[in-house]
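Single-structure report; data block below.
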Amino acid sequence: MSDFIMWLDNLIWSTPLIILTFGSALIFCFAMKFGNITKIPLQWKLLRSGSGSMEGLSPFETFCSVVAYSVAVGNIGGVMVAILYGGPGAVFWMLVTALATSAVSYTENSLGQIYKIRQDGQYRGGPYFYMERGIRHKALGKFMAIVFALFCSIGVPILVTGPSANNIAMAFENSFGVARPVTGGVIALLLFAVISGGIRRIAKISTIIVPFMTIGYWVLAIYVMVAKADAFMPTIRMVLDSAFDSGAVFGGMMGTAFSYGVKRAVNSSGAGFGETPPSGATAETPHPATQGLVNSFSVYVDVLVCFCSGMMALVTDCFNVLGPDGKAYMYVGSGSSAMAEQAATNTAGVVWVQEAAKTAFGAGGSLVAIALTCFAYSTCIAYYYEGESGLAYLMKDTHPHLRKTGIWIIRILMPIFFFVWANVTATTAWAISEVMFGLMAWFNLIALLLLLPVVKKTYDDYIAQRNAGVEMPYFNPEKLGIENCDLWMDINKDRIDADTKKECVINQP
């Protein structure tokens, strides 16, 4: 079974999906005129503005929920897997991919806002809504929406939590000697305690955990890099040599470095998977582009965490690299005796970063375990909401009580499966997760490309209003000729009516 899952993972994440991912990112960059990069100061400003309501969250609350999706075990253990197979150059291609995929994040989050609905007193949105309501070929849109919602409601909260559960259990076993079943059981109970409270409790916990854990991890990484300052510049040269097929040790790895760099950057940030639009759609904002820009900023936060993980392992020489055949090692690090042990068992993951942190100070490994737990815990909370949103779409035409029953089934099943995943092999957990994300990426990226005209209209409208001096642009879908998003006529009713009256006065003879 494990071999089949690995084969399926390699099939789904073969060259066509890598090309689709990176190619789509470049297309969206050009559609935005690289606004995903040039508008970073505006993104930061928007992040700190706005407030929530009874129906929606503030931009900052939503941003923290989105970062909770992206900053996860993949930012630590997943980066080590990328280095194992792609060499140090994978770190460089992760950074490049992040710059491009921030445009993908903008695209899917703005679409999540454009086609959101109001259900049970709160905003609901996501890929299934923009697939059904936005794609012109109705039968195709409906089919894609249903399949994607099934992925989200069943696959994400139950299957995708595998790496999070597994890496938490592994980290605590390595640092504190705690048995995996004990760690899995405790975290599963804590997970249920939060997800049982719905989106508002999720957002509240995210606004506490996300800033603390992210800044804390950056500080830890900086400390390690300063402690190994003499190795920093040689490490940067090694990364660039590996990325561009030069260097005596890692030359000839550009292809695998690029492939694993792209895969890890996308898997880490979730840009293109359709993970973040359900949370992004809950924001209270007058224009979809506002939250699109805010949420695309999360990609930069995410990749900086990835960079920190990679650099900690590289500057301390706590990493291994497999040769082209994927069996024999072309390099085994000497920064820790654990590297030889990891090579002997053919594994890679959070242990590398723990060993790297230990070289700077003894408690470093324990701090990495705690950071990983915070990352994984907040991510699983966010995964739950993605599952809830998918189920809410599938059951949107049913009685509210029936929807609540379905949601409670997910709330009960998710912690149970979390406990199960804490006790399986890491390879199986990662492969199952990546299979699910790969399938989601195929559906979502195709939908984003089909809806590119809508995205471009919306972005151009937002920028035109800001250039005209409007501090807080608003969205009028009828004016832009965008259909099936009537909720916005209600959200911005006062401003639309006021502008209509002005136009009538101006046009009077």
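Placed from the backbone N, Cα and C atoms, the Cβ positions cover glycine too.
Taken from TrEMBL, the feature transmembrane segment applies to 12-35, 56-84, 90-107, 139-158, 178-196, 208-226, 246-262, 299-322, 360-385, 406-424, 430-452.
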*asked:* Check for me, if you would, whether the transmembrane segment (406-424) reaches the transmembrane segment (56-84) - at least 3 Cβ pairs under 8 Å, residues 6 or more apart in sequence.
replied: no
Worksheet item: Are the transmembrane segment (12-35) and the transmembrane segment (430-452) close, by which I mean at least 3 Cβ pairs under 8 Å that are 6+ residues apart in sequence?
Response: yes
Same-chain residues at least 6 beyond the ends of the transmembrane segment (430-452) with a Cβ under 8 Å from one of its Cβ atoms are 2, 5-6, 8-9, 12-13, 17, 20-21, 24, 27-28, 31, 78, 81, 104, 107-108, 111, 127, 130-131, 134-136, 141, 144, 147-148, 151-152, 155-156, 159-160, 162-163, 166, 266-267, 270, 272-275
For the transmembrane segment (178-196), out of 56-84, 139-158, 208-226, 360-385, most C-beta pairs under 8 A are with 360-385
The recorded stretch from 90-107, 208-226, 299-322, 360-385 sharing the largest number of CB pairs under 8 A with the transmembrane segment (56-84) is 299-322
Highest Cβ pair tally under 8 Å against the transmembrane segment (90-107), stretches 208-226, 299-322, 360-385, lands on 299-322
Counting Cβ pairs closer than 8 Å to the transmembrane segment (299-322), the top stretch among 139-158, 208-226, 360-385 is 208-226
Beyond a gap of at least 6 residues from its ends, the CB atoms lying under 8 Å from the transmembrane segment (208-226) belong to 64, 67-68, 71, 232, 301, 304-305, 308-309, 311-312, 315-316, 356-357, 359-361, 364, 367-368, 371, 374-375, 377-378
Spatial neighbours of the transmembrane segment (360-385) not adjacent in sequence (6+ beyond its ends, CB under 8 Å) are 65-66, 68-69, 71-73, 75-77, 156-157, 160-161, 163-165, 167-168, 171-172, 174-176, 187, 190-191, 194-195, 199, 202, 205-206, 209-210, 212-213, 216-217, 220, 223-224, 227-228, 275, 278-279, 316, 350, 353-354, 410-411, 414, 418
